[in-house]
Amino acid sequence: MAKVLVLYYSMYGHIETMARAVAEGASKVDGAEVIVKRVPETMPPQLFEKAGGKTQTAPVATPQELADYDAIIFGTPTRFGNMSGQMRTFLDQTGGLWASGALYGKLASVFSSTGTGGGQEQTITSTWTTLAHHGMVIVPIGYAAQELFDVSQVRGGTPYGATTIAGGDGSRQPSQEELSIARYQGEYVAGLAVKLNG
């Protein structure tokens, strides 16, 4: 059995929705045990509420537990072309895992969201840098998801990983095409994890 963690941060629910789709895709793979968790919120509760943050039910992960999984699919909103501060804070606590090589050889993939599309690919590739320092095997999705060829509408999604465009005010929710790409990413990564560890 390959253990797959979908680990995300979501303030307004866009990445949470994408995380559920990633997990749904991963759960299609026989021999994959899929867990969905989120990183801790670092914003004070009053400010989080004032900013319109969405309460989420996924359990909170600890950095130490990352060593328990064969594959980790990270989801983060874009903050100026980088991962969110909450995800950065979480990953900055993995120094002990780095020192022991606990994540070396584990699969890693990334999905993201942006307000207007700017920085979605940069967010994924800049997150890869941290994962590479851990010796994780980076898994992009390429162009196997056919939705990536559809240019008839505004759509997130890249060969690096699934993305969604939330709109400047956050009112746009992930489209069916974006969720389909996210499901593909989960299924693809889980399938590789089972082949390597199952």
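Including glycine, each Cβ sits where the backbone N, Cα and C put it.
Not measured: the values here are computed from a predicted model.
Pulled from Swiss-Prot, these are the features on record:
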BINDING   10-15, 78-80, 113-118, His133  FMN binding site
BINDING   Tyr12  NAD(+) binding site
BINDING   Trp98  substrate binding site
DOMAIN    4-189  domain 'Flavodoxin-like'
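Features recorded in Swiss-Prot, as mapped to the structure shown.
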residue: Ser10; record: FMN binding site; contacts (Cβ under 8 Å, 6+ apart): Glu16, Thr17, Ala19, Arg38, Lys54, Gln56, Gly75, Pro77
residue: Tyr12; record: FMN binding site; contacts (Cβ under 8 Å, 6+ apart): Gly52, Gly53, Lys54, Ala166, Gly170
residue: His14; record: FMN binding site; contacts (Cβ under 8 Å, 6+ apart): Pro77, Ser113, Thr164, Ala166, Gly170, Gln173, Pro174
residue: Thr78; record: FMN binding site; contacts (Cβ under 8 Å, 6+ apart): Ser84, Ser112, Ser113, Thr114, Gly115, Gly118, Gly119, Gln120, Gln122, Thr123
residue: Phe80; record: FMN binding site; contacts (Cβ under 8 Å, 6+ apart): Gly119
residue: Trp98; record: substrate binding site; contacts (Cβ under 8 Å, 6+ apart): His133, His134
residue: Thr116; record: FMN binding site; contacts (Cβ under 8 Å, 6+ apart): Ile165, Gly167, Gly168
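According to DSSP, Phe80 (FMN binding site) is assigned to coil rather than to any helix or strand. Taken residue by residue with DSSP, Ser10 (FMN binding site) is part of neither helix nor strand, so it is coil. Under the DSSP three-state reduction, Thr114 (FMN binding site) is assigned to strand. Cβ contacts within 10 Å of Thr114 (FMN binding site), excluding its own Cβ and spanning all protein chains shown: 22.
Over the domain 'Flavodoxin-like' (4-189) the predicted model carries a mean pLDDT of 95. The DSSP secondary structure for the residue listed as 'substrate binding site' is helix.
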